[in-house]
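> For reference, TrEMBL lists these features for the protein:
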BINDING   GLN23, TYR51, GLU72, ASP132  S-adenosyl-L-methionine binding site
ACT_SITE  CYS157  active site, nucleophile
ACT_SITE  CYS157  active site
Amino acid sequence: VDEVLPIAGRDITYRQVENSFTQPNAAVNIHMLEWAIDVSKNFQGDLLELYCGNGNFSLALARNFRRVLATEIAKPSVAAAQFNIAVNGIDNVTIIRMSAQELVQALAGQRQFNRLRGIELKSYHCETILVDPPRCGLDDTTVKMASTYSRIIYISCNPISLRSNLEQLQHTHKISRLALFDQFPYTEHIECGVLLEKREPVNH
């Protein structure tokens, strides 16, 4: 299914793939994407994105960053993201099929991946990371990696795992923006958007 969403003055075409994760409520998704565009409008450099799915945030946020490097593990979602990049004529987004844990290993130089051939990770200057993890949230290794970035945009579908991750990140970051998005009205499910910014070092 292909759908066109009007997002902050631009129409973006998204291919939604059967049996792959997508945002189910188009109207609420637009609000969520426009929130992310607004909170990142004055950011500099490149964006690193984990769990990018079909490029939902990648395509919308491409306008705010020099380049976007996004990762996704599911092959159908990666294929949809590549299609969406091409059909929208966006030239500053690169999608890599790998898990968050594999990316951590690649960034640390612990493993070599054929999937990264032709992609020079060190050429990216990412001060901002966007994470949109599954309901279980971020594992400890990914939290530690995310904590090294100046800004974290955290999209969560589970307030319980979000709270746990925020408790881990509070030592390095503070919450500067927060929004709730009701994807499923009249249910207990809620989507959260959080912008965290690096704390200033304390001088003793």
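Along the chain as shown, residues are numbered 1 onward.
Heads up, the Cβ atoms here are built off N, Cα and C, so glycines get one too.
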> Around the C-beta of CYS157 (active site, nucleophile), how many further C-beta atoms are within 10 angstroms, looking at every protein chain?
20
> Quick one: give me the count of other CB atoms within 10 A of the CB of TYR51 (S-adenosyl-L-methionine binding site).
22
> Hey, of TYR51, GLU72, ASP132, which of those binding-site residues are within 10 Å of CYS157 (active site, nucleophile), Cα to Cα?
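Checking Cα-Cα distances against CYS157 (active site, nucleophile), the binding-site residues within 10 Å turn out to be ASP132.
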> Whose Cβ, among the binding-site residues GLU72, ASP132, has more other Cβ atoms within 10 Å than any of the rest?
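Ranked by Cβ atoms within 10 Å, first place goes to GLU72.
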> Just how many other Cβ atoms lie inside 10 Å of the Cβ on GLN23 (S-adenosyl-L-methionine binding site)?
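Result for GLN23 (S-adenosyl-L-methionine binding site): 23 other Cβ atoms within 10 Å.
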